[in-house]
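Here is the structure we will look at.
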Amino acid sequence: MLVHVPNVLTPAEIALCRARLEAGEWIDGRATAGQQAARAKHNLQIPEDSDTARELGELILRALGRSPLFNAAALPLRVLPPLFNRYDVGMSFRNHVDGAVRAIPGAGMRLRADVSTTLFLTDPDAYEGGELVIEDTFGSHAVKLPAGDMIVYPATSLHRVEPITRGSRWSAFFWSQSMVKDDGRRALLFDLDQGITGVRRKLSDDDPAAIALTSCYHNLLRRWAEM
């Protein structure tokens, strides 16, 4: 399940992120990759323990809290602090699957990466190439979104970033451990959630149909959630 979440950041927040990243220190992105992924990865990253990463990561986590669509799609139990990457001309990240388990910095605990998320910080007309290509059973999906928009997809997905041929592509990325680790079940709950939202727009909240659907949603979540 791929979900496009628009307008996660405001224009002012995007401008702040860009200003901080412009002034930040960029390092070889392979420093944070596993052995296999490091051979496929060619980009730059902001050090995850830097003041810039912490400040902007907290900004993004606050923005996620006000995004019902992200929370409906990911059903997050834990969210890893966001990281920040940059692809300049000639840079890319060949096909790979994200690692299954991630350490949460400073928390002394680990997170199962169920859901991957990329938040775009550069508008599409600022660069050429650089599409995030996600493979699933329906084929390949090339994603290139406006700054401030986000794509949410299963961390089990084979994916890549195409080579940049002009300009520079900046983004934040992070992983979530979901309360519902199975993507098929998450997709069913997401569809049901969106259906309930549509029903509630047309009917009152105390309409029997709205109550019945909401009850089904919560009872399925109760059955499948792992806390």
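Just so you know, glycine gets a Cβ as well, placed from its N, Cα and C.
Swiss-Prot lists 78-178 with the feature domain 'Fe2OG dioxygenase'.
Marked as Fe cation binding site by Swiss-Prot: H96, D98, H159. The 10 Å shell around the Cβ of H96 (Fe cation binding site) contains 18 further Cβ atoms across the protein chains shown.
Within the same chain, residues at least 6 positions away in sequence whose Cβ sits under 8 Å from that of R169 (2-oxoglutarate binding site) are R86, Y87, F120, T122, A126, Y127, G130, V161. Summarising the annotation, Swiss-Prot assigns 2-oxoglutarate binding site to R169 and lists sequence analysis as the type of evidence.
Reduced to three states, the DSSP call for H96 (Fe cation binding site) is strand. Using DSSP to sort the residues of the domain 'Fe2OG dioxygenase' (78-178) gives these counts of helix, strand and coil: 3 helix, 62 strand, 36 coil.
If you average pLDDT over the domain 'Fe2OG dioxygenase' (78-178) in this model, you get 97.
For D98 (Fe cation binding site), the count of additional Cβ atoms within 10 Å of its Cβ stands at 18 [all protein chains shown]. Sequence-distant contacts (6 or more apart, same chain, Cβ under 8 Å) of H159 (Fe cation binding site) comprise N95, H96, V97, S116, L132, V133, I134, E135, Y153. Shown in sequence order, A37, F93, N95, V97, S116, A155, S157, L158, R160 are the same-chain residues outside H96, D98, H159 whose Cβ sits within 8 Å of the Cβ centre of the Fe cation site.
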